[in-house]
């Protein structure tokens with residue numbers, strides 16, 4: 001008797017939903033607490049706390065509904081054989097359109113087109129409610145319906161342009177890969193990630209946001225001086241018009257080798273009136289670079305990707321696996337989708353481990369900024385970001401340990417306030 005892969009996958013998905021819902025309930029209870037954590041008393045104003053609490057509870061209620069609908073849809077699709085049915089329908093459409101249904105690349109693209117349409121239809125109500133109800137209710141949304149749909153259309157257009165060549169390449173690699181398939185797939189995805197990281201900030205991101213050089217002044221001088229003191233090869237310093245879509249704030253860095261760039265959200269500059277707070281936040285980000293956190297993370301992800309492709313090569317020809325999900329044939333894309341579902345347990349463990357490492361890196365980057373003399377500025381900057389983004393002030397320890405890639409504000413402030421260990 002063949003192993004019931006599909007039933008096992010659906011069963012684990014439901015178990016994970018139950019477990020994560022339990023964590024969500026714990027977090028919801030923490031969000032309902034009427035008082036600030038003692039560490040934040042006198043640091044966060046009562047007004048900001050009340051606003052943060054209301055915003056977090058609204059998002060929590062929405063999350064419960066969204067996750068329930070998602071697990072119902074996903075389980076139904078797998079358990080009732082919607083995937084093989086839709087694969088057959090896409091093949092019938094190919095025949096009606098006088099296209100060769102035996103051509104796996106064309107058949108796969110027709111299948112993906114249908115999946116994209118379905119995803120847009122099912123996701124749109126949640127996106128609209130999140131953006132124009134929850135975010136608007138709490139003063140974050142700055143998008144007009146026109147801008148929202150324009151961004152959505154641009155995203156679809158980019159998927160239509162970029163997606164087919166990538167899908168075609170993956171199918172050809174799997175069909176021709178032979179015993180070195182895992183290495184070929186990894187090499188392709190590695191090269192693709194490098195290309196996308198190079199092209200995205202230059203060609204794709206400007207389609208959605210406007211990037212302008214940070215004007216000359218004290219803030220620019222301080223950031224450039226900091227970067228120079230750390231030998232960070234800063235080439236360009238931008239401000240992005242994040243305020244056209246949201247009043248949330250952030251800052252990030254990108255670039256390879258000697259071509260590094262720093263981007264500040266205009267909302268960050270508006271919210272942090274003290275330049276030292278912004279510079280301290282940049283010092284934290286530069287700490288990630290100086291301590292090679294980005295390199296370690298990238299290498300770890302490449303190793304995990306290679307291992308994942310190795311696992312795929314071991315099961316891709318398993319007839320029982322495909323039949324368990326209702327397929328009589330073994331299309332490349334379907335094999336990848338099925339494999340992704342079968343390794344969900346491992347993915348959850350890996351995700352948890354990566355979050356642990358990420359939180360450790362955040363503490364290290366905070367410590368790096370502190371050693372540079374930015375402890376006070378970073379403390380103020382973190383508090384300001386927490387306040388202005390209305391981030392959750394009370395967090396359940398189990399929930400944050402499982403979900404958060406960044407430590408809660410309470411833990412970061414406590415670490416910053418610790419006296420440095422004396423060196424012998």
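Backbone N, Cα and C define each Cβ position, glycine as well.
Curation plays no part in TrEMBL annotations; they are all automatic predictions.
Look at TrEMBL and you will find 285 tagged as active site. Summarising the annotation, TrEMBL assigns Zn(2+) binding site to 284, 288, 362. Taken from TrEMBL, the feature domain 'CAAX prenyl protease 1 N-terminal' covers 27-210. Residues or ranges marked as domain 'Peptidase M48' by TrEMBL: 214-419. Feature annotation from TrEMBL assigns transmembrane segment to 6-23, 68-87, 107-134, 155-175, 181-203, 294-312.
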Recorded positions considered: 285, 362; fewest surrounding Cβ atoms within 10 Å belongs to 285
Of the listed stretches 6-23, 107-134, 155-175, 294-312, the one with the highest count of C-beta pairs below 8 angstroms to the transmembrane segment (68-87) is 6-23
Highest Cβ pair tally under 8 Å against the transmembrane segment (181-203), stretches 6-23, 107-134, 155-175, 294-312, lands on 294-312
Expressed in Å to no decimal places, the gap between the Cα atoms of residue 285 (active site) and residue 362 (Zn(2+) binding site) is 9
Those same-chain residues, other than 284, 288, 362, found with Cβ within 8 Å of the centroid of the Zn(2+)-site Cβ atoms are 285, 287, 293, 361, 364, 365, 366, 368, 369
For the transmembrane segment (294-312), the distant same-chain contacts (Cβ-Cβ under 8 Å, at least six residues beyond its ends) come to 181-183, 185-186, 189-190, 288, 335-336, 339, 343, 350, 354, 357-358, 361
Sequence-ordered list of residues in the chain of residue 284 (Zn(2+) binding site) that lie 6 or more positions away and have a Cβ within less than 8 Å of its Cβ, or none, is 365, 366, 368, 369, 374, 378
So residue 288 (Zn(2+) binding site), by the Cβ count within 10 Å over all chains shown, scores 19
